[in-house]
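Engineer: Annotations per Swiss-Prot:
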ACT_SITE  S223  active site
ACT_SITE  D323  active site
ACT_SITE  H355  active site
BINDING   G151, G152, A153, Q222, S223, A224  substrate binding site
REGION    1-54  region 'Disordered'
TRANSMEM  90-110  transmembrane segment
TRANSMEM  145-165  transmembrane segment
Amino acid sequence: MQPASPVSGDAGPVAEAVPPRGAPQVLVRRRSVPFSPDSPLAPGSRGGGERRSTFREDVSHAAAETYLVTRLAFILLRYLGVGYRWISQLAALIIYAILLMPGFIRVGYYYFFSRQVLRSVIYGDQPRNRLDLYIPRDPKKPSPVVAFVTGGAWIIGYKAWGALLGRRLAERGIIVACIDYRNFPQGTISDMVSDASDGISFVCETVGAYGGDPNQIYLMGQSAGAHIAACALLEQAAKESRGEQISWSVTQIKAYFGLSGGYNIENLVDHFHERGLYRSIFLSIMEGKKSLPHFSPETVAKKLCPETIALLPQIVLLHGTDDYSIPFSASETFAGVLKQAGAKAKLLLYEGKTHTDVFLQDPLRGGRDKLVEDVISVIHADDADAREKDALAPIPGRLVSEWQIKLAHRISPF
């Protein structure tokens, strides 16, 4: 398969953007509707005040998605064949999930029943073009917004994986939009990046309708989602610097947070193969070996002109030093390349933390979460009132027993 452009230029238009960082741009805009806290948009609805979906439509969508996931699972099994690595990884994943199930159940209850969660808001016309919104309770002013692209090895990503992060940030006055996207084999990397870009465009254009501040939009991705979001960001910056028509502007993004991401996938093919993501599957996801440089943000960043680099927002890369799914050197090297190119890049390493410690085990443990605090410190850097509230914020309670978390840490397939 030939390399495809990672983002689509014909996604929905955007709302009024922040002042540009120095490049011409052609933004396509559409009407948005002011936010009304008394009448939140229903799950399954479109943004901008469009028609809400009916119960029958929701049931029909759920049935169609279930059928689709089942069919794609069998297709994926044909790709995987019988291999001890992925079978052992699957077994470890099942045990890992059972150990953390008490926490997952409590987060799931919040996800399905909290009035602060708007599930399956439609952002595009492709399958799985939906996102979940986590809305702060009783906001007194427009809230900062984080557009979050979930991980999942490009195969098992799902918007609900961001529920715990969404809850924690919403409790601190930040709106979170968890963007779903087509996974493999339903789509390949260009589809994933295109979906993510369309989701970001939707957030930028409708943020005001949900009580968000259009001048405080942040982009974040975790694991494969960090890679996808970085691809979308760099491609959008390149298109913007060339003066092409765009559906959202990188100048609307105040900062990008990349958590446990891989940014030079050319260097990770063999590593992933040893971890159970077989080379043949990974190259199919990435649309062939020739496409690897095109979808490696680190490689792309080396070739960007100074005008494009100047458009990029602050980039914050976060990684655990004991991450064996994606070594922390991936973030370390990418940060160095960005700095050398003139970008504003910052690297935060979490000593002794694995791929899932930072994102799952630590938040389930309760107490002050280092990752959440680091992200909030960037978002609230210019808001003295918010920082005062952060200092007095309630400490989250424990969701899973310590022995279960420690055992899950040892068994985790990630």
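Backbone N, Cα and C define each Cβ position, glycine as well.
Not measured: the values here are computed from a predicted model.
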Engineer: Excluding G151, G152, A153, Q222, S223, A224, which residues of the same chain place their Cβ within 8 Å of the centroid of the Cβ atoms of the recorded substrate site?
Structural biologist: T150, W154, G157, W161, G225, A226
Engineer: Near the transmembrane segment (145-165), which residues from the same chain, at least 6 beyond its ends, have a CB less than 8 A from one of its CBs?
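Structural biologist: Contacts with the transmembrane segment (145-165): 76, 107-108, 110-111, 117, 130-132, 134, 174-181, 183-184, 189, 192, 196, 199-200, 203, 207, 210, 212-213, 216-226, 228-229, 257, 260, 277, 285, 359-360, 363-364, 372, 375, 379.
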Engineer: Taking only same-chain residues 6+ apart in sequence, whose CB is under 8 Å from that of D323 (active site), what do you get?
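Structural biologist: Correct list: S260, K353, T354, H355.
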Engineer: Please find which two of G151, G152, A153, Q222, S223, A224 have the most distant C-alpha atoms, given that the record lists them as binding substrate, and give only that distance in angstrom, rounded to a whole number.
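Structural biologist: The substrate-binding residues span at most 10 Å between Cα atoms.
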Engineer: In sequence order, which residues at least six apart in the same chain have a CB under 8 Å from the CB of A153 (substrate binding site)?
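Structural biologist: A153 (substrate binding site) has long-range Cβ partners S223, A224, L277.
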Engineer: What is the Cβ neighbour count of G151 (substrate binding site) at a 10 Å cut-off, with all protein chains included?
Structural biologist: 27
Engineer: Near A224 (substrate binding site), how many other Cβ atoms are within 10 Å of its Cβ?
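Structural biologist: A224 (substrate binding site): 27 neighbouring Cβ atoms within 10 Å.
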Engineer: Which residues, sitting 6 or more apart from Q222 (substrate binding site) on the same chain, put a CB under 8 Å from its CB?
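Structural biologist: Listed in sequence order: F148, V149, T150, G151, W161, G162, L259, S260, G261, F359.
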